[in-house]
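A short worksheet on the structure shown next.
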């Protein structure tokens, strides 16, 4: 059984930056476009995803020896659905206002490709501790992406951050519109690509010199 | 003998349950047609923004129709607020009656009309309490168009984007995915609706929604896969690839959840599911047409691939915002 050789810290950083679910893997784009209007939304949905990802990863890594390979995908789906139900009920009970703001997206975590993918690629082959840290990394990576998008849209659209007025004026009201989510994600991806090409070009030049 | 009797009661209980389901469907069909609650009144419909037209089975008394106190109209949710009636007009053959109200009637809300002590040929026919609804077919059509265009799941609700961007590179792929998706979502939604109404709700298992719906969706996909493979191998070889992708689509799980939240009946559910599927097909087709042309366009290097696709989708979403707030019928 292939067990990861990375340390826990490497696993965590891998999820946060190298394989960031939103900007690098381009998975689970629906919430990134749909409800990234404020930072608060990003943080709350991030917490929900983190919870589901960590608990599903841990569950699967614990029971991996008892799953028949042919029914592994349904098992993953049902595990995720169970944990989504838990977080859904908890949020509805203790944070009704935020729950309303996020709408149907909390329950749609069950269909996020990123969670199933991590279970398939990582948790079903590794032990409890690495799976836990991989789940933490992916969850925080998702939260990081959502917060960045939310911050851009909130500052440019409303001139506020986390509800506090920091600019005093609204630079581009356009970014409040729901459709601007597509543009924000598109621009962010282009910036990431540009940074990558610059970085690789500089490394090539260094090699030549 | 006693044993047989026991067995019989058990079967009859089961039969009773099935009968109840069948009766429910028949009732539903009856409710779809035009039906009023009074034997002397044939039809009660909205005619214009200010008018309600009532058709009787026979000619009514002119003196009765002339007394405005006999009529009252109110919206079904709040019976205390009566609409003011400006005039009552009886047609020459005394069979149809038109009520004009002071304020325009909102046809989205069903209205109640009370006709006190109808007198026809000098004989009292009793008081009639009528419910006036918008034409049901129109309502269904508005749900369909709403899910398809006005509240398009991709461009207005931002769902199913992973699959949307993954399969919109070529027109043929887009159409294949769209058609497969429509078939699966209609089957899956109807199954989830049935399960929700007849299993989850009666037994108060609402909290199992997510688990049950995702399970049903996977089951439907597996079922469609198996049936298609046996029944039409040619179709399977064309569309089989996309079946797996359907599960990864948020819309397919979002629609059953919306149906459960809104307590839609079976026709409304069918329309919403069909609208969601066709809307996805439209979105995919539009997007793939643009992306096929983008292949030949001179795009800055860092925008190539997904970034430009996102920006195009954003432009589409802006265009689709123009539909928002529109209502049909």
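Backbone N, Cα and C define each Cβ position, glycine as well.
As annotated by TrEMBL, transmembrane segment applies to A:43-63, A:75-95, A:101-119, A:131-152, A:172-195.
Long-range contacts of the transmembrane segment (A:131-152) within its own chain (CB-CB distance under 8 A, at least 6 residues past either end) are made by residues 4, 8-9, 11-17, 19-23, 28, 31-32, 36-43, 45-47, 49-51, 53-58, 60-61, 114-115, 118, 122-123, 161, 175, 181, 184-185, 188. Same-chain residues lying 6 or more positions outside the transmembrane segment (A:101-119) and placing a CB less than 8 Å from one of its CB atoms are 21, 25, 27-28, 30-31, 34-35, 41, 44-45, 48-49, 52-53, 56-57, 60, 73, 76-77, 79-81, 84, 87-88, 91, 134-135, 138, 142. Tertiary proximity for the transmembrane segment (A:75-95) is limited to same-chain residues at least six positions away from its ends with a CB under 8 Å from its CB atoms, namely 44, 48, 51-52, 55-56, 59-60, 67, 102, 106-107, 109-110, 115-116, 119-120. Counting only same-chain residues 6+ beyond the ends of the transmembrane segment (A:43-63), those with a CB under 8 A from a CB of the stretch are 28, 31, 35, 75-76, 79-80, 83-84, 86-87, 91, 95, 98, 101-102, 105-106, 109, 112, 114-115, 118-119, 122-124, 126-128, 130-132, 134-136, 138-140, 142-144, 146-147, 150.
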